[in-house]
Amino acid sequence: MIFLTALPLFWIMISASRGGHWGAWMPSSISAFEGTCVSIPCRFDFPDELRPAVVHGVWYFNSPYPKNYPPVVFKSRTQVVHESFQGRSRLLGDLGLRNCTLLLSNVSPELGGKYYFRGDLGGYNQYTFSEHSVLDIVNTPNIVVPPEVVAGTEVEVSCMVPDNCPELRPELSWLGHEGLGEPAVLGRLREDEGTWVQVSLLHFVPTREANGHRLGCQASFPNTTLQFEGYASMDVKYPPVIVEMNSSVEAIEGSHVSLLCGADSNPPPLLTWMRDGTVLREAVAESLLLELEEVTPAEDGVYACLAENAYGQDNRTVGLSVMYAPWKPTVNGTMVAVEGETVSILCSTQSNPDPILTIFKEKQILSTVIYESELQLELPAVSPEDDGEYWCVAENQYGQRATAFNLSVEFAPVLLLESHCAAARDTVQCLCVVKSNPEPSVAFELPSRNVTVNESEREFVYSERSGLVLTSILTLRGQAQAPPRVICTARNLYGAKSLELPFQGAHRLMWAKIGPVGAVVAFAILIAIVCYITQTRRKKNVTESPSFSAGDNPPVLFSSDFRISGAPEKYESERRLGSERRLLGLRGEPPELDLSYSHSDLGKQPTKDSYTLTEELAEYAEIRVK
């Protein structure tokens, strides 16, 4: 054991004051373990001129004034003491040498308090010194921990116990120090006021795991059963470490999501949830929950949790993946192209997971990709067959969306093989079928009559468009015996196409066989028959009512409102007669004309052998010469 001594200040003051005034010096406080002893060092002084033969002294407890009858701890004259101190107190010092050191044995808590010394030199030379010493009875060692213990920084923890009993010397040992370090006993130290302490030191580098650890010190006295223990909890400061957090989170659009972040630190950290630099929630706590109600694709992304205190910080991130059905695809690209050009169409969408993208045309798959957000359709040289409606369809396990778009391919007119002229009874119908984009203008040319009829002349030509196909119909009535040549010409901004319409039907073969003479004879017979029928109808109309029966078929003039005409509408008939004569290239006064709209016979439907077109295309203008 190492003993270190130092000369207390009050001993120096005593030496300097010899031959001076009344005065006493003792420690202001002193400690002792219960059941042990304590020696209270004391010295006093008085004027030299008194020169007493014998010096006596008295120790009082808790009061310096005799008139208050304080308990007497020790009295050199009579040895009469208070019952609490009987057998417990004796004077260690020599009063003649001005040493008033007091020894108290077997101390107990009731002996704790103030102790005053009174010098007695005889007669009136008695003096109670105001200086006193406070005795503290303790039961635990004093463990001294630095005010701040930081993880990773070496610290020194000391265990100090009073060592003021000359009869019993304490021995110190550390409890619960395993893994922290090996203790070192510094030895017995004398304090400034003359008291003694036993000190043991423990050096170690604390970790965050040492926070809250109970470190103990034990003082024991050999050859006794006296044993005292004291403990101190380690308050180790350390920076935050995030110890609890969600792994990557997948959630369906519209669902509820909870993100948890927990950190270990001392002191507790400031926890902050952030996304893209924006603070979503923060609090000083060990854990923090971020609640997301009805998540949307806009909330998909990376979320960061930041934990920080005065000693450092930590952060971690978690990815939130919001699963949702594809958005309605968008289509970018050329929607109008000229035949032969290259067309590139981009279909794109957004979904999670990425969708299957498919482009259809008329239920036929043209292109598809799997788990891609974009699909490029390349048509290297478009043709009219590529014109039409397309669909871009995006789908994943959460739903399906589709967008329709149209590709318009523009090209020069193409006259289709269905184009022809046909005869049925006294009617010749010329059908010009054109495929074109944009819609063409169609004209019928009759070279032998030096007449050209445009489709704009609705009186003579009926047109109907279906998709890219335009069907124009020119009807000539009364021309079946000698059908003229008809040339159909279609034109748009990309070009023009002409075709002499071929004649289909038995009448044309008949004219070729009988020759010109036969034709004249047949024509004369036809005129005679027509005149007979006309005269018969006129006689009948004179005798019959002007109203028509259900079976009658009055003549009808072609007009925008399909007006019914007869004898009262002579002016209208004459006007249309002139138009027909111009169309047919007739000269001189025409024969009697009856212009009718072929399909408007009241109460009757055309018979199947009256013409070769379908009923849909039979609404056309007819010109009939009688």
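Cβ coordinates are placed from backbone N, Cα and C, and glycine is handled just like the others.
What TrEMBL lists as signal peptide is 1-19.
The domain 'Ig-like' annotation in TrEMBL covers 141-227 (among others). When averaged over the domain 'Ig-like' (141-227), pLDDT in the model lands at 90.
Per TrEMBL, the feature domain 'Ig-like' maps to 239-321 (among others).
According to TrEMBL, the domain 'Ig-like' annotation covers 329-408 (among others).
What TrEMBL records for 510-533 is transmembrane segment.
The region 'Disordered' annotation in TrEMBL covers 581-608.
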Mind checking how the domain 'Ig-like' (329-408) divides into helix, strand and coil residues in DSSP? 3 helix, 52 strand, 25 coil
Take the domain 'Ig-like' (239-321) and count its residues per DSSP category (helix H/G/I, strand E/B, coil), listing them in that order. 3 helix, 59 strand, 21 coil
